[in-house]
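Trainee: Take this structure first; my questions come after.
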Amino acid sequence: MVKAVAVIRGDSKVSGTVTFEQANENTPTTISWNITGHDANAERGFHVHQFGDNTNGCTSAGPHFNPYGKTHGAPEDDERHVGDLGNFKTDAEGNAVGSKQDKLVKLIGAESVLGRTLVVHAGTDDLGRGGNEESKKTGNAGPRPACGVIGIAA
């Protein structure tokens, strides 16, 4: 079992943790999140980005992690970036707690997300269905108020 965590923080009040667990290279990864301080009653995009670099804040993380050269999509789509995690839903206080399993996100192997950045976005991910070029790259999820590098957890 490999476990990893991204401690989420940034230039906003958004913070929290996103954890990853994978039993072996052939099993889905469980992704769990506990995010606070976001917009109330909203769906907000979150993605694994290419680089584990936060030198200039979350913008240094680069584009979505996309080792297979696909266009942006929903987590359940065949055509999607590895880093496309979709949206989480916040409650009336702007907090979100949840989990999902993902067959493309890996902690083990050549396409591992370890050392890359988990970015929480300011907007809703349109899952590549926005009808414009930016939708096929980013899901029009907007600015990056908070992020954290995915590191090995105890």
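Glycine is no exception: its Cβ is also placed from the backbone N, Cα and C atoms.
What Swiss-Prot records for H47, H49, H64, H121 is Cu cation binding site. Residues or ranges marked as Zn(2+) binding site in Swiss-Prot (evidence: similarity to another entry): H64, H72, H81, D84. Here Swiss-Prot flags R144 as substrate binding site. The compositional bias 'Basic and acidic residues' annotation in Swiss-Prot covers 125-137. Annotated disulfide bond per Swiss-Prot: C58-C147, in sequence order, evidence recorded as similarity to another entry. The region 'Disordered' annotation in Swiss-Prot covers 125-147.
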Trainee: Can you give me the Cα-Cα distance between H72 (Zn(2+) binding site) and R144 (substrate binding site) in Å, rounded to a whole number?
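Mentor: Their Cα atoms are separated by 17 Å.
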Trainee: Restricting the comparison to the recorded positions H81, D84, C147, which residue's C-alpha is spatially nearest the C-alpha of H47 (Cu cation binding site)?
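Mentor: Spatially nearest to H47 (Cu cation binding site) by Cα position is D84.
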Trainee: Using Cβ atoms and a strict cutoff of less than 8 Å, what residues sit near the compositional bias 'Basic and acidic residues' (125-137) while being 6 or more residues removed from its termini?
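Mentor: Counting only partners 6 or more residues beyond its ends, the compositional bias 'Basic and acidic residues' (125-137) has Cβ contacts under 8 Å with 43-47, 63-64, 71-74, 77, 79-80, 84, 86-87.
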Trainee: Nearest of the binding-site residues to C147 (disulfide bond) by CA-CA distance, picking from H64, H81, D84, H121?
Mentor: H121
Trainee: Measure from the CA atom of H49 (Cu cation binding site) to the CA atom of D84 (Zn(2+) binding site) and give the result in Å, rounded to a whole number.
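Mentor: Distance (Cα to Cα, whole Å): 9 Å.
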Trainee: Applying the rule Cβ within 8 Å of the centroid of the Cβ atoms of H64, H72, H81, D84, what extra residues of the same chain belong around the Zn(2+) site?
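Mentor: These residues sit around the Zn(2+) site: H47, F65, N66, K70, T71, G73, R80, V82, G83, G128, K137, T138, G139.
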Trainee: What subset of the recorded positions C58, H81, H121 lies within 10 angstroms of the residue listed as 'substrate binding site', using C-alpha positions?
Mentor: C58, H121
Trainee: Roughly how many Å separate the Cα of H121 (Cu cation binding site) from that of C58 (disulfide bond), to the nearest whole number?
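Mentor: That separation, Cα to Cα, works out to 10 Å.
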Trainee: Quick one: pull the CA-CA distance for C58 (disulfide bond) versus H49 (Cu cation binding site), whole Å only.
Mentor: 9
Trainee: For the compositional bias 'Basic and acidic residues' (125-137), what does DSSP give as the number of helix, strand and coil residues?
Mentor: 5 helix, 0 strand, 8 coil
